[in-house]
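Just below is one structure, and these are the notes that go with it.
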Amino acid sequence: MADKITDEYAVGIDPEIYANNPAYSSLFNPYIHKQTIIADHVSVQCHIDLNGIDAVGSKFGNLNAHAGNFTSLCAPNCLPERFALVAYTVEYAFLHDALNQSGMTSVSTRVSDKAQRKSEVQAKIAAEYLRLDPVFGEWFLNKWQTFTACVKDVRSLEFPSLDDYLEFRIVDAAADWTLYNFRWGSGITLTPEEEKIADPMSYVAYAELCLVNDLFSWDKEYASHIKSNGDVPLVNAVHIVAVTQGLTHCAAKAVVQAEVRAHEERFCQLKEQYEATDKPSHEVLRWLRLLEHSMAGNWVWSLCVPRYCKVDRNPYKDHLEKYGSDAVRVLTPLDRLCWPKQEIKDMKQSELKDPSSSTYKSHFSPLEPNPGPEQMRLTISQTQQQRPVLNPYTYINSLPSKNVRQTLIAALNSWYKVPVKSLLIIEGAVNFLHNSSLLLDDIQDGSFLRRGRPVAHQIFGVGQTINTATYLMNEALYLIQMLSPSAVSVYTEIDEMRNLQLGQGRDLYWSYHTHVPTPAQYISMVDGKTGGLFRLISRLMRSEATKNSDLDISQFATLLGRHFQIRDDYQNLQSEDYTKNKGFCDDLDEGKLSFPIILSMQSPGFSNTALSSVFKGSQKGQTLSLEMKQYMLEEITARGAFSETKAVLRKLHTELLRLLIETEKKAGGVENWALRLLIMKLDIAEEKKVAPPKSDSHWGVNQRRAWKGCQKNGRPIDKACFLRAMEETLQK
């Protein structure tokens, strides 16, 4: 079975690079990707995107002029369509140590140019994973959050033994995160059962990778530790062995080298045992092959790499000089970013203008959205006189939020380059307006929960909450008057503020009178109520722009509002997360005629008598029973309304991507990855259960599994016995 595992894209590297080097003693032969030039290109591209062209090569990652690119060596069978993204991400991870840790989806308007570049690179990576594979992308980004949190915790710990250290190091060094990325890139998919079978072998390989990394990076890390007078901690296997076993660093390095060989030997033994089982999985064998490639690739790459030792020439600067800045930009050119292509090609503009048409029906595999980044807000200076008025605002402002509007402001600033002072004013005004609308919405809708917490008016009273909401509108105007006259006219003379109130009024009228609007009427209401604030944001920023002041994104903002509101309607009735935050189908309690309900009540061949009666009852303040809500969900489902709603969302999602590409071209080709990520995160998916990231305790279990077993003579062994047996073999 193992003989059938082929290397489609991998080729062996020249043995002269490593065969005669005494520092290379791996049991495995190294390979490299046939298209390694792509990995080199995107590695340089990542430097340009992150720090600008003048800073290319100021830090070191993938590139190695001696042996080849790290990603090319460790994932030599990576699929061509995923290769560039995988290599770009690994390059960013290499550079990450020199940056402040944060999640892949962090976006802020109040940052330096350097930090803004970092946010844009993170957004590019996140958006591309979500575009290519929503389920894996969701897992992958969550795993990154685990990694960045772990780095802060682990580096302050002490470890009683090397095994305790390795249990943590796998997470600290992002070994599993990196190898899962390589696995996805190589098109390898394991079932949960196959994952469990492979885990002990995976652990041994991950530990070997960490040990080899520690061996080759030791001299550099120790020098940094001494130079900093101990401020830079020593998180390295050599140091752990020296401390726990009372050895010199030289002797500790020899012990670590023996550990590396022991882990490779154990990997081979476990692999042989698995291959001898009945019907070994082809995917598991492909995974084991990838692990072998990664162990060999990491080792040969480490022999002479700028990250660990001085080199005569800078491979990044040499590559840029040879190929130029245009050639290295191979990751997702503009004409490839809209997905899926065929759907866009076949789409008619008339279909997009009327999302209620039957042509909106389609099948797709969308993505469940992540939580948004932490919002940075402009707050009102609270005098003693203001404090009672602001209590409801302070409360609702403190609740968790997806921060879509904050993210939109940060994303649009990539084009408009609004001065910092004006940007903060716009951000603050929008925050006041948004929270004002939330306070009023909760009262008008009769809501009980907001983001999983009691609504403000239940705590502070209806009268006080209404007063706060109207006060916030005045405060928003007060802020906007600090901007240019054109910005003030956007707020006072253009109809967006009127549209917000008129849209909300129509929504309340329909619910109170149980009047079922047409889908087109509903979307018209959404264009005012939700799209109005998005358009207001874009127009305020455009009025203060120092660049692209003629760039009008009103159509994009309108469609974004439609997508946002219809998605919210769908999630309220279908999402487990919404149930946690707002209660189970609370739109039904409120008697709200949301988009899926409107579609269901206009389905031909069905009587609406029962549904109408339920909605009239809810207007009398009756909270619907669980059984009644389940009945209504069954009715809506049977009429195909949820499927049709998803089809509408799919069309809107695709058109938003098309408009984004069109706008990027109008903005001089400036790619807006933060905006692209926002669109991807607002896409909707089935609530699939994705395996949670594996913790260090998980790898502790697999550490014990890896070293428990039988030698060929049938005697039970553990790691210590295995090391002794290997030493005896070498002595013979």
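Keep in mind that glycine also has a Cβ here, set from the backbone N, Cα and C atoms.
Values in this document were obtained by computation on a predicted structure and should not be read as measured data.
What Swiss-Prot records for the isopentenyl diphosphate site is Lys402, Arg405, His434, and among Arg451, Arg453, Arg498 the residue it adds there is Arg451. Given the ranges 213-221, 258-266, 501-509, 564-572, the record in Swiss-Prot names 213-221 as motif 'NSE/DTE'. Listed ranges 2-6, 97-101, 482-486, 697-701; the one Swiss-Prot annotates as motif 'DDXXD 1' is 97-101. Across the motif 'NSE/DTE' (213-221), DSSP assigns 9 helix, 0 strand, 0 coil. Lys529 (dimethylallyl diphosphate binding site) sits 14 Å from Asp445 (Mg(2+) 3 binding site), taking the Cα positions as reference. Closest in space to Arg405 (isopentenyl diphosphate binding site), of the binding-site residues given as Asp219, Arg450, Thr530, Gln565, is Thr530, taking the CA atom of each residue. DSSP assigns His434 (isopentenyl diphosphate binding site) to a helix.
Shown in sequence order, Arg405, Leu533 are the residues of the chain, 6+ apart in sequence, with a C-beta less than 8 angstroms from the C-beta of His434 (isopentenyl diphosphate binding site). Taking H, G and I as helix, E and B as strand and the rest as coil, DSSP gives the motif 'DDXXD 2' (441-445) the counts 5 helix, 0 strand, 0 coil. When the Cα of Asp445 (Mg(2+) 3 binding site) is compared against those of the binding-site residues Asp219, Gln565, Lys592, the shortest separation belongs to Lys592.
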